[in-house]
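In what follows, a single structure is set out as structure tokens and then discussed.
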Amino acid sequence: MEEGLTLIQENLAILAPLFILQLILMVIALIDLAKNDEPKGPKWVWTLVIIFINIVGPIVYFIAGKRR
Amino acid sequence: MQWTVILKKELTENWRNFKWIWVPIVFILISIMDPISTYYMPIIIESAGGLPEGTIIDIPMPNPSEAMMMSFSQLNIIGVLILTVISMGTISGEIKSGVYELVLAKPVKYTNYVTAKFFSYWLLMIVSLFLGLLASWYYINLLFGDLAFSQLIVAALFYACWLTLLIAIVILYNTWFKSPGLIAFLSIITVIILSVMTNIFSHVLGWSPAKITEYIAIYLHTGDLDTEIWFSSLIALLVSLSCLLFAIVSLRNKAID
């Protein structure tokens, strides 16, 4: 476990942009969901999907979560 | 200018529904994911455990051009899918919801309408593609070794021709069918058929647009541009142009009906 932590610390410069981009994607999807008056399917399910499924969750929401 | 007005409307719409943020981010993520995970693969396998003591993990590191091709092949699958899905309803959706009639109640030229729609998605594609490849290039230089920036730009430009064709096909189907799902499905099928046919008749179809990725791989590896990549790209652009022309004509015919 400790080994893993030091590994992450050593490679932070490489991995940080990855996490930041994922975070932005998630936040944007959540903002969009908050503004979305009638999403396809219940809001709380989308919230869970966006937060807990990395990358794919927000993408699926943006593609399938809205009524046109 | 009528054209700029429609374009502006499209850009605002795509900005408001965050396409201008999430599509570039997703393109960056899919471009850098494979090179990064390949780089860390030995560590990942080691820490996942389950291997007997003393196992030697010896995975050859790809050279920079191979790593770059990982990004391209990801873009070729997920990038193509995403571009198709975000543009599948651009005209058909407006026809369905009635916005289309509102727009064309004004004296809007079909040419302006179709080309502005096309251009708005083209712009989104170009920006996302370049950001994605730029990020991937940065990581490849960091992790695998040097790759000339000029090579990246040239490869990206040729690859953009292929994606241009994709968007033109989606726009064309938009004017033929009403269901966005069907449009996305048919566009993907078209691309798959094109790729499969090109693979089967590889020796005859040297100029097929589906071969652009293959030529890019050669270019990144050797640094020489095949003459055929020019023809493939030219054909991609010409077919895109005719798709757009067909789209305009079929919208016009629809209005007469």
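Keep in mind that glycine also has a Cβ here, set from the backbone N, Cα and C atoms.
For B:20-41 (among others), the entry in TrEMBL reads transmembrane segment. Using a Cβ-Cβ cut-off under 8 Å and counting only residues 6 or more beyond its ends in the same chain, the transmembrane segment (B:20-41) has close neighbours at 11, 14, 59, 61-62, 67-68, 70-71, 73-75, 78-79, 82, 86, 124, 127-129, 131-133, 135-136, 139-140, 143-144.
The annotation transmembrane segment is assigned in TrEMBL to B:67-86 (among others).
Summarising the annotation, TrEMBL assigns transmembrane segment to B:119-140 (among others).
Under the heading transmembrane segment, TrEMBL lists B:152-174 (among others).
Residues annotated as transmembrane segment in TrEMBL: B:181-201 (among others). Sequence-distant contacts of the transmembrane segment (B:181-201), counting only residues of its own chain at least 6 positions beyond either end whose CB sits under 8 Å from a CB of the stretch, comprise 80-81, 84-85, 88-89, 92, 166, 169-170, 173-174, 208-211.
Tertiary proximity for the transmembrane segment (B:229-251) is limited to same-chain residues at least six positions away from its ends with a CB under 8 Å from its CB atoms, namely 91, 110-111, 113-115, 118, 158, 161-162, 164-165, 167-169, 171-172, 174-176, 206-209, 211-212, 215-216, 219. The transmembrane segment feature in TrEMBL is assigned to B:229-251 (among others).
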